[in-house]
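Feature annotations, reproduced from Swiss-Prot:
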- Asp13: active site, proton acceptor (ACT_SITE)
- His41: active site, proton donor (ACT_SITE)
- 12-18, 40-42, Arg305, 331-333, 413-415: GTP binding site (BINDING)
- Asp13, Gly40: Mg(2+) binding site (BINDING)
- Asp13, Glu14, Gly15, Lys16, Asn38, Ala39, Gly40, His41, Thr129, Arg143, Gln224, Thr239, Arg303: IMP binding site (BINDING)
- Ala299, Thr300, Thr301, Gly302, Arg303, Arg304, Arg305: substrate binding site (BINDING)
Amino acid sequence: MPNIVVVGTQWGDEGKGKIVDLLSGYADYVVRFQGGNNAGHTMVVDGNEIISHLVPSGIIQNKVCFIGNGVVVDPLVLLEEIDYLDSRGIDVSPERIKISDRAHMIMPYHKSIDQARELKKGDAKIGTTGRGIGPCYEDKATRRGIRFADLLDEALFAEKVTTIMEEKNFYLKNYFKTDTLDPGAVIKEFMGLRDRLLPYISDVSVALNKGMDQGKQVLFEGAQGTHLDIEHGTYPFVTSSSTVAANAACGSGVGPGKLDHVMGIVKAYTTRVGSGPFPTELFDEIGDRLQKKGAEFGATTGRRRRCGWLDMVMLKNAARLNGLTGLVITKLDVLDGLEEIKICTGYEHKGKVYDAFPPAIKTLEECTPVYESHPGWTENISKIKDYEDFPENTKKYLDRIKELSGVDIKIVSVGPGREATIVLDNLFC
């Protein structure tokens, strides 16, 4: 039985939440393997919008959901989200949610440092959400992190927090010139959360591998997008974790040979939140139209998303980096009514045309997109249930995406709800 990884191919906000919610109906387990609560997944069920930031989207389908070792977790946010989902009538018992004992915890000092650092950068800021994700990953890399396993030993937890906060407070006071934090208060706060958290803590790697050996189907849910990847994204305007499909194995504790398919989610146009290069960004009425019709506001920050034409240089890059075996096209209906639709097929920079992503951020910032133009369609496609019922120009647009990317389209989404989805090939079946 197949195990499927779902990743974003752009800069996040591609509609992964809806697709994971849809595919979760066929999976037994759903796993989040990287990132933190700097990402938000939005699901619309029976007209009701539900947003999750840490708990995998599969919780809506009453599946067993795992938060892997590659995720950094703010325990306060996690418990707030569990309470929110519970208030919506969703089963959030420890039988449904498992947190890796090896996942790192976002501590109060991580958030203080994150916000102070961004403030100090001024105009050079990169647009972090200020939720402590980056500083937590820093501590993980330098072997100073606090993991969920540390909550099992109260004395050890207190000792580790006291030691690390001596350094963090020195940093806050002497470099950022901002308020310090009381170690005793932090320890007391987390010990107050301990009893609620302990039932959820699990060896996720063991549980997942055991389930796979028993034939359980697993869906791995990525956060953000390929071009926010710490290794392959538009560095330094990236997130602090690896967002590509290969990290599904490392970030959850399974072998890469157990990943069967990789589905790349691509919005029918391109958006980005925060700072960073964006070659196809539109500053005209079409960009405004995409933003308004697509309701392009971040689920986590509420920030207005920048909008532009579909960028095939990005998509081909994502296909290569992730080894995509299928594409999911989302928000296709947002393009309804446009007379002309453009696709970026390359970048031009000082007389040179790039058909691959340039590594130098300065080059990317100075690139001019090379476009090909396609006729749009006037019809409303949001109610269409069968691919063959699409207008001819819609089908030609989709065919061109498939041709340029070299990846087959498996699913097309024409609205926020589950029902507004056309499945061409269900890999779980």
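Note that Cβ sites are derived from N, Cα and C of the backbone, with glycine treated the same way.
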**OP:** Could you measure the widest C-alpha to C-alpha distance across Asp13, Glu14, Gly15, Lys16, Asn38, Ala39, Gly40, His41, Thr129, Arg143, Gln224, Thr239, Arg303, the residues recorded as binding IMP, and give it to a whole number of angstrom?
**Re:** 34
Original post:
Of these binding-site residues, Asn38, Thr42, Thr129, Gln224, which scores lowest on Cβ atoms within 10 Å?
Top reply: Thr42
Original post:
Where among the binding-site residues Lys18, Arg304, Arg305 do you find the Cβ with the fewest other Cβ atoms within 10 Å?
Top reply: Arg304
Original post:
Which one of the recorded positions (His41, Arg303) has its C-beta surrounded by the most other C-beta atoms within 10 angstroms?
Top reply: His41
Original post:
Say you check the Cα of Asn38 (IMP binding site) against those of the recorded positions Asp13, Gly15, Arg305, Val414; which is nearest?
Top reply: Asp13
Original post:
Among the binding-site residues Gly15, Gly40, Gly302, which residue has its Cβ surrounded by the fewest other Cβ atoms within 10 Å?
Top reply: Gly302
Original post:
Using Cα-Cα distances with a 10 Å cut-off, which of the binding-site residues Thr129, Gly302, Arg303, Arg304 are near Gly12 (GTP binding site)?
Top reply: none
